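Annotation source TrEMBL lists domain 'CUB' at 1-92, 102-215. Among the features that TrEMBL reports, disulfide bond is placed at Cys102-Cys129. The domain 'NTR' annotation in TrEMBL covers 244-362.
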Amino acid sequence: MTWFSNWCFSLQVPEGKVVVLNFRFIDLESDNLCRYDFVDVYNGHTNGQRIGRFCGTFRPGALVSSGNKMMVQMISDANTAGNGFMAMFSAAEPNERGDQYCGGRLERPSGSFKPQLARPRLPCRSHLCVAHRSPKNQLIELKFEKFDVERDNYCRYDFVAVFNGGEANDAKRIGKYCGDSPPAPIVSERNELLIQFLSDLSLTADGFIGHYKFRPKKLPTTTAPPVTTTFPATTGLKPTVALCQQKCRRTGTLESNYCSSNFVLAGTVITTVTRGGSLHATVSIINIYKEGNLAIQQAGKNMSAKVIVVCKQCPLLRRGLNYIIMGQVGEDGRGKIMPNSFIMMFKTKNQKLLDALKNKQC
């Protein structure tokens, strides 16, 4: 694939129709805020409202324009490249209620929804989205009474995604959920909340039932974290002289470091680049035991993560070797490895202990 810094394509269908865009595959550089490589989708050809912004491997459901024109734009910084994306578009009849391709916009003060209600109206029985909009001075509280969606460690196949605002923007995604444990109650930041359900239909479960209600802004609000445990992000870490003069040695054991680490994985170092005194590495994941808010990239069945050894040789990572890596995570979703971070060579005999720690309640 040839990469461009700015790629744009205009889509148009006959007058009186709407454009329906379906992503079949997406693999762009992963970033929590989609700042580097991303795809924007807009209503219209110029000065249109953005429908969504996407990066990483999160595949959105069907995107529908309000008129007969749509614009797709891809931006790339040409540094870290994935496999790109593939999408298909078609023309469809507009629906006055706005819910032919989306579960609908709910504006009553309270209500319930479940995927079975909207699926029969969809062109592809795999996608439901429900947009809640409350009055401007109110927020939206969302709770799940029942939740049973195909389980996967990374929620790659069937999942429910919740976004602040009315567009499927990865930077505004509150969480991505699957399995049989209902997410904690979610409260929007403003007066709009978007819920998407995506299923590949290869394995099915009972689905979910969600309830929402409007509430005044004056109440304290909390946003539910993703299904994985998260810890405070580390910011502004630079390889200062004082930091990098520390003795580079591993302290403690797998057990004693597990709970204090934001992420724990076993993987093979496949690329290393030195930048400004730090080592930037890509790790092909053998197994992940604690994901935290680490950004995971996926290409086919292969998963990888990016880590930064703040002091480039402390601890030392060599390309081609297998390690157990524990550390914290920066705001950009990359692992931060400090001189006192726990790293050791990965051996098969470690697997049993790591599996036990994975089920440990910290």
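Every residue gets a Cβ built from N, Cα and C, even glycine.
According to DSSP, the secondary structure content of the domain 'CUB' (1-92) in residues is 0 helix, 46 strand, 46 coil. Mean model confidence for the domain 'NTR' (244-362) is a pLDDT of 84.
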